[in-house]
Amino acid sequence: MNGAQDLGGQMGFGPIEIEVDEPNFHAPWEERAFALTLAMGATGTWSIDTSRYMRETLHPVDYLSSSYYEIWLKGLERLVVAYGLASRAEIGAGRMLEPAKPVKNILTAGKVAATLAKGGPPTGPQQRLPLSNKATRWWPGA
Amino acid sequence: MPGHDHSHDHSELSETELRVRALETLLTEKGYIDPPALDELIETYETKIGPRNGARVVARAWADPAYRGRLLADATAAIAEFGFTGRQGEHMVAVENSPHIHNMVVCTLCSCYPWTVLGLPPVWYKSPPYRSRAVRDPRGVLAEFGVELPKDTQIKVWDSTAEVRYLVIPMRPEGTEGWSEDKLADLVCRDSMIGTALALLPSNRKGAA
């Protein structure tokens, strides 16, 4: 679908900000947001396409005014709610209020290298769960 | 870059920092994640997977014509010869620069990038100015990176997808005949494999006199 993420050919975004010897992460929270997203991807609950979809269907204003890892964070919050792994109330509270739902896989430190070498989560049909409009219209903290 | 100019020395946590902490706490309590695995993921991309991988691939393609042939025919398999496989590099395509064609890679829709050979993408690659303009005005974009190509060099821009990731093979600089792969790899900077730079000249090699 088109939307704020569909930037090819758009005008008016100004000069490219090139940073010499740029680090991978610009703050510790970016490291955590990155790793949380990969670790939750490894649970096998959704496909890479779905995780992209949940970033790209952020409200356009929110998408364009968020930094890269802020987009990842918001996308992940929406994913866990859309797939019933946590409730909106739990996201707001920052702690568990309801029992966990079983997931296919839990990534432990010892499995990281092998998991990365094997590649991204598969896109099996069981993971192409149709997301309801309700799920994709929730914009946490937008 | 919105949200990119935080000062790092204030002790008060920002709203975003608090949200990330809250989410990590919640997902840990639920048992979906194992916090040491997060540390391992970060450590892996900080120290093990980065553009040095891609530089070794390019250097071998320069030094070994048979390898170059394999890389152009099936980049995923040729890159796997180094053991560089997996996430965000499952389907690789190598595109080779020549005096006639210069290749440049973008992901207009998000940030698709060949992690296995280049590591994580820089902020500019993921940001609207590059993503929007790379396909409309690649020559102007290259000028911002300090690259000026001959007028008759054609520029090909490759828009990455969630599946297919591109590795640019820059032109081998003159004056490098007989160099070892290790020495050649020092000339292969990250941006030369995205197509926003040329390979370094021998005089610009790290440690060159």
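The first residue you see is number 1, and the count goes up from there.
Here the Cβ of each residue, glycine as well, is placed from N, Cα and C on the backbone.
Pulled from TrEMBL, these are the features on record:
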{"type": "BINDING", "residues": "B:Cys107, B:Cys110, B:Ser111, B:Cys112", "note": "Fe(3+) binding site"}
{"type": "DOMAIN", "residues": "B:15-197", "note": "domain 'Nitrile hydratase alpha/Thiocyanate hydrolase gamma'"}
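On the structure: features taken from TrEMBL.
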| residue | record | contacts (Cβ under 8 Å, 6+ apart) |
| --- | --- | --- |
| B:Cys107 | Fe(3+) binding site | B:Tyr113, B:Tyr125, B:Arg131, B:Asp159, B:Ser160, B:Thr161 |
| B:Cys110 | Fe(3+) binding site | B:Lys126 |
| B:Ser111 | Fe(3+) binding site | B:Pro121, B:Tyr125, B:Lys126 |
| B:Cys112 | Fe(3+) binding site | B:Gln88, B:Ser160, B:Thr161, B:Ala162, B:Arg165 |
Additional residues around Fe(3+), ordered along the sequence, whose Cβ is within 8 Å of the centroid of B:Cys107, B:Cys110, B:Ser111, B:Cys112:
B:Leu109, B:Tyr113, B:Pro121, B:Lys126, B:Arg131, B:Ser160, B:Ala162
